[in-house]
Amino acid sequence: MLFSVVADAFEKMESTTKRLELTDLLVNLLKEADDDLPLLIYLLEGKLGPDYLGIETQMSDKLIIKALSVASNISEDEIAKEYAKAGDIGTIAKEIAEKRSLRSLVQEEMTVKYIHDTLMKMARTTGSGSTKARVDAYMDLFLNSTPKEIMYITRIITGKLRIGISDATILDAIVKAFADEKYSEDIENAFNFHPDLGYIASELRKGNIDAILKLGPTPMIPFKVMLAERLRSVEEILEKMGGRCAFEYKYDGMRTETHIERGKVRLFSRGNEETTNQFPDITKAASETFKVDSAILDGEAVPYDPDTGELYPFQVISHRRGRKYDLDKVSSEIPITVFLFDIVYLNGRDLSKTPYTERRKILESIFTESDSFRLAKRIESGDPAEVHRFFNSAIEDGCEGLVAKSTSPDSFYKAGARGWLWIKLKRDYQAQLWDTLDLTVVGAFYGHGRRKGTYGALLLATYNDKNDTFETVCKLGSGFSDDVLFSLPKKFEQYVSKEKPARVISNLEPDVWFYPAVVMEVIGAEITVSPIHTCAYGEIEKDSGLSVRFPRFTGKWREDKKPEDSTTSREILEMYKEQKKTITEEKS
């Protein structure tokens, strides 16, 4: 497939703000692909393969600027200045290509496969001379591409394609292009257990729907973890759960999948990125702890004080993420315990459709607790007083609260789903919301007075998981230290968009738009009806949405979450209804 066809389609996608039109363009593009369909899918995602393979070009913006300088005889400083103004290195590459006089003497045919192969060479290049090899590979693409093509190729390399599509949009288009839409839910479930859109598209194109429907948990392939709904009281949870359920500590750590197969261990984050090399102590301990042929375990990695055993908050674990050196030293200074609470696969058996209580018994039977692996603390109860005591113990032990889990016969493990089989109960913030919110930054407003020179407020949005859009819910200007406040322009410069991104639904016009990328944790006073914001628009009142009143940044950037993992508009709507219900009860 010629990349010129892809670039033309990308240009049309980038210019539309209509979701249905965007999906139709994507469907038509997928249908034009041949055997290179999986490669096209990966490029659409701004990747070279599924996340769990961890393939990256190692081509930074700085290196691209260096290559563009070589190609154009324009200084790196000058290109960097233009990049700072534009906020998109792809646009800069296009502008330089339009002015170039040099082209490759032997023109390569720019196909999807050729581009993917070239980017894979970048990714696999190591050792001395690897930087030059990557620059040379980029130069090859630059000299053989049209200006439009190099713009999109450069964006693919940086992982910021800027055409307003997500995995959900791509999956929807794959189903429309290659399958009967009656299988849509089943295909989504398969993707949640096997998050490789390239593979799924390829099999569906061949007509292998049965192979896709059989997909389930597989050792060494991470899945999208199960998530919890939220309620604000023990009594509400027990009522929702039929009077009795299990309650587990909700640990403040990093969600971690532990995969074991024939003595080999791999760890994955909730974003399906491999973290094995960052936690060699946990990897080694897993090999020694679990005497099984194969298993997939779900848990929370939590840092702790080696002297007192006290649990540290989530932020401390960031000192270990991404490190390549001194890991042994850091491992001893900041040891990790993985608190396990579920098992979805054991010795060739898929346990995802086994009830929760049986899964828990199986989990308890396969290992002896140690400093590295422990069971999440748990009780089963229908007594509110007992649960309240357990909740207080969780807070005292440094946890966020509790997760209630259904013990019904159909309490299956539902990958990627947020449902009422699991319900979280976090610390009561008194007059504030009873839980924090994870919101995506979609815009910013310039600061004035003391905040001149930085952003005075950020525009935050919830995720509408039905429409695959981001809906504004508040302007945030509180909770920032001066250091964080004045670092905001630098933090967000790579996400700047010249116009409102297609997936953002907003009535407000900020000074700067951002592509949805950064998630931050926020607390607020209450949820209110808003004629300005678009979250859950029209659900409570016509021509009005919902907003967070008096939002405040908690100080926690949710780097472990993708924008699509943000608090959903539906959750905000449920919180508003619960809030109204509580106020009514208090008045009566």
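The backbone N, Cα and C atoms fix where each Cβ goes, and this holds for glycine too.
So that you can see what the record holds, here are the features copied from Swiss-Prot:
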| type | residues | note |
| --- | --- | --- |
| BINDING | GLU248, ARG255, ARG270, GLU300, PHE341, ARG418, LYS424 | ATP binding site |
| ACT_SITE | LYS250 | active site, N6-AMP-lysine intermediate |
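Projection of Swiss-Prot feature records onto the structure.
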| residue | record | DSSP class |
| --- | --- | --- |
| GLU248 | ATP binding site | strand |
| ARG255 | ATP binding site | strand |
| ARG270 | ATP binding site | coil |
| GLU300 | ATP binding site | strand |
| PHE341 | ATP binding site | strand |
| ARG418 | ATP binding site | strand |
| LYS424 | ATP binding site | strand |
All-chain count of other Cβ atoms within 10 Å of GLU300 (ATP binding site): 22
ARG270 (ATP binding site) CB neighbourhood, other CB atoms within 10 A: 19
Extent of the ATP binding site in Å [max Cα distance among GLU248, ARG255, ARG270, GLU300, PHE341, ARG418, LYS424]: 19
Alpha-carbon spacing, LYS424 (ATP binding site) to LYS250 (active site, N6-AMP-lysine intermediate), which is rounded to whole Å: 8
Pairwise Cα distance for ARG270 (ATP binding site)/the residue listed as 'active site, N6-AMP-lysine intermediate' [Å, integer]: 16
For ARG255 (ATP binding site), the number of other Cβ atoms found within 10 Å of its own Cβ: 17
Listed recorded positions (LYS250, ARG418, LYS424), ranked by Cβ neighbours within 10 Å, top entry: LYS250
Neighbour count (Cβ, 10 Å) for GLU248 (ATP binding site): 24
